[in-house]
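These notes concern the structure reproduced below.
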Amino acid sequence: MLETNKVEDATVNEYVERPEEFNKLDESVERTKLFHNDVYDNDIKICLPTRIGFSKAFMSMVDGIKWGWGFTNTPKETSKYYINEILCGCILCLTMLPEMISFCMIAKIPPYLGLQGASFLSLITSIFGGSPAVIHGVTGAFASVCSKYLVENNNVDLLPDGIERLYICIFICSVMLFFFSYFHMSALIQLIPTPVFIGYCNGLSIIFLRAQLHNLKNPYTHEYIKGHYLLFFIIICTLVVGQKIPSSLIAITVTIFVEFVILRKFLHNNFASFKDVKSFTVGDMFSFTSDKAKPTFLFTNKDLNFSKVEFNMDLIKQVANMFTVLLVEALMVSEVIKDMGGAECDTNETIFSLFIGNVLASLGSAVGGSSLLGLSVLNYRNGARGKESGVVASILIYAILLFGYSLLNYIPLSFLCGIMITVFIHCFKWFSIPIVFFTFCPGYIRNCHPCMSRKISRWDAFIIVLVTVLCVFVSVPNGVLTGIILSALVYVWQSKSTFKFEIFYDRDTDTKVLEKKKKYI
């Protein structure tokens with residue numbers, strides 16, 4: 001065990017072996033009930049099965065089902081907690097519907113596959129996951145990766161070309177997620193510095209915003225709308241963004257009223273210039289029907305032909321990209337919620353739940369995903385603190401698919417755009433803009449006003465900008481990995497340039513003394 005004591009002007013590190021029994025771990029990992037003779041912390045959780053046994057390591061992955069619920073908390077939660085979780089689940093459902101439909105359109109996936117997958121995935125990850133209030137489904141980064149490998153079919157009733165390849169990639173990625181969780185590799189999240197987190201959030205938010213440009217296109221001519229069409233699109237979109245109450249129900253009610261009552265009934269009948277003006281709806285892009293509401297077993301689906309899938313290097317690259325996206329989003333979203341003040345999370349349990357959820361979703365011919373940054377942030381800000389909200393949202397989504405599928409056809413595309421702009425506003429780290437700007441300003445400019453004095457390291461500011469740009473214009477995995485590598489190089493260089501250590505050995509006390517001196521350059 002390592003003890004650090006201050007002796008005169010030197011720092012003394014005494015390495016003393018002390019046999020201790022760790023009968024109780026710290027609160028954040030106590031629930032896993034793992035007992036071993038080593039110090040149990042994030043640094044040595046990696047390859048944990050080799051330390052405590054393979055069966056105990058497996059049981060630690062499924063331990064997420066035992067905590068995160070109101071009745072497992074101490075003290076027990078009151079009825080107010082459950083009412084709040086149910087309300088958050090209802091709000092979450094109404095927010096997930098447009099976001100999943102929007103991301104599915106980006107990924108060139110039929111929206112009903114994404115909604116089915118979100119229902120399966122949210123239910124499984126809420127039950128087995130280790131991150132309360134975190135929501136899962138088709139994400140923006142995942143949709144961006146999928147769009148590169150899928151070819152949209154001209155007939156909207158047919159599945160896109162390459163969907164069989166996508167299912168195989170999800171299966172392989174799920175197996176890789178299982179082993180990543182089994183060997184407790186999530187401790188590697190400590191290697192991701194804060195500038196990379198900020199750049200990741202900013203880049204993903206810009207991806208959300210940029211993805212809404214397809215809603216400005218006519219679904220029949222594929223040209224951008226203009227004139228009165230664009231005017232009413234902006235009006236309806238503004239009504240959604242301007243909602244102060246965090247409820248999509250009010251927003252969708254107002255937008256549908258404006259579209260189908262004011263525009264299509266009143267203005268069409270009384271003003272000739274507005275006769276042909278309307279906002280396009282989800283039904284214009286893709287029609288929800290009763291036969292598409294229920295899942296179909298993957299290997300009995302007649303629309304799929306796995307014999308044409310070729311196992312080559314392109315498939316390996318696709319698996320690598322998808323696995324990186326699924327893993328990075330799961331790790332980083334959990335950290336973002338924890339930094340906002342959320343409960344301690346076990347990302348190994350979360351990754352294990354993603355393995356189960358993605359496998360079950362794929363077996364039902366649906367498309368899974370990973371952790372949703374925007375919805376998780378909105379869910380936490382709405383007051384959700386447990387797993388009940390995710391369960392309620394997943395059940396409501398599936399109920400709407402089964403019994404209210406026809407209503408989804410009437411959702412205006414402008415409503416989807418407004419919801420995603422709201423997600424962008426909540427996810428983007430706005431404080432980073434003035435900090436980065438003033439960091440690169442000369443000192444005499446920063447001294448002009450106290451608010452300009454906020455400054456960080458120029459390397460940190462550069463990494464924030466670099467990760468943001470790479471996430472938007474290249475890919476999320478490349479942006480995050482580049483940020484990690486550059487941050488490591490900067491840290492090594494600054495440590496070399498700032499400190500030097502002198503080592504002394506005291507034979508009288510048999511103690512090694514490390515004296516740290518500042519190196520002036």
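In case you wondered, yes, glycine gets a Cβ from its N, Cα and C as well.
In TrEMBL, annotation is done automatically, which means it is predicted and not curated.
Annotated by TrEMBL as transmembrane segment, the relevant range among 46-70, 121-145, 246-270 is 121-145. Cβ atoms under 8 Å from those of the transmembrane segment (191-211) belong to residues 102-103, 106, 140-141, 143-144, 328, 331-332, 335-336, 339, 373-374, 420-421, 423-424, 427-429, 432, 460-461, 463-472, 476, 479-480, 483-484, 487-488 of the same chain, restricted to positions at least 6 beyond its ends. Between the transmembrane segment (413-440) and the stretches 86-109, 166-185, 354-378, 461-493, it is 86-109 that has the most C-beta pairs under 8 angstroms.
Highest Cβ pair count under 8 Å relative to the transmembrane segment (166-185), across stretches 121-145, 354-378, 461-493: 354-378. The highest tally of CB pairs under 8 A with the transmembrane segment (461-493), across 86-109, 121-145, 354-378, 390-407, is held by 121-145.
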